[in-house]
Amino acid sequence: MAILFAVVARGTTILAKHAWCGGNFLEVTEQILAKIPSENNKLTYSHGNYLFHYICQDRIVYLCITDDDFERSRAFSFLNEVKKRFQTTYGSRAQTALPYAMNSEFSSVLAAQLKHHSENKSLDKVMETQAQVDELKGIMVRNIDLVAQRGERLELLIDKTENLVDSSVTFKTTSRNLARAMCMKNIKLTIIIIIVSIVFIYIIVSLLCGGFTWPNCVKK
């Protein structure tokens, strides 16, 4: 479960975006943004196996796409944090900014927050106060049909293999560290076995030779 895509836009004008993996996010997002009214509101659209959560405030839309089993409370917690950071950084400049004007700077913020809210499951317990629960109850979920320019039904296509490069690097690093740890553990175990064996042999020989100085076995 993860936040797959995030975007900040003014109407249909995209100001900043970030994708966790490959997909036709922009094609789908353009249709979603066109359906969002300009007044302040919050809503979740449902389409297939995906959810589109957004907050619209002062004509600026903060939107993210998640799997349908991703907690909505975490999605809106992410959007609220993105909104706060975006407003603090840009303020009224967003009302007249050109397309992608903030992308070079703010896409890294989206990436960091996307990763944080996707991975930190403790947010549910820490941040989901009763007020947030009540607020979430007031945010509706609506089904939405998307149509491509050719008139065909538009589906969100996700290619998570694009994110497997980072995952494979992490896996290799983890495997290497695990192998190193297992090797050290085996070395320590071997040393302990050798020491115990030597002590055991010494005790047996001492018993057979009449004592720890081996008086019956050592010639004077």
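For all residues, glycine too, the Cβ spot is worked out from N, Cα and C.
Quick look at what Swiss-Prot annotates:
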type	residues	note
DOMAIN	7-110	domain 'Longin'
MOD_RES	Ala2	N-acetylalanine
MOD_RES	Ser167	phosphoserine
MOD_RES	Ser168	phosphoserine
TOPO_DOM	2-188	topological domain 'Cytoplasmic'
TOPO_DOM	210-220	topological domain 'Vesicular'
Assigned conformation of Ala2 (N-acetylalanine) - DSSP reduced to three states: coil
When DSSP states are grouped into helix, strand and coil, how many residues of the topological domain 'Vesicular' (210-220) land in each? 0 helix, 0 strand, 11 coil
Relative to the Cβ position of Ala2 (N-acetylalanine), how many further Cβ atoms are located within 10 Å? 17
Of the residues in the domain 'Longin' (7-110), how many are helix, strand and coil by DSSP? 43 helix, 36 strand, 25 coil
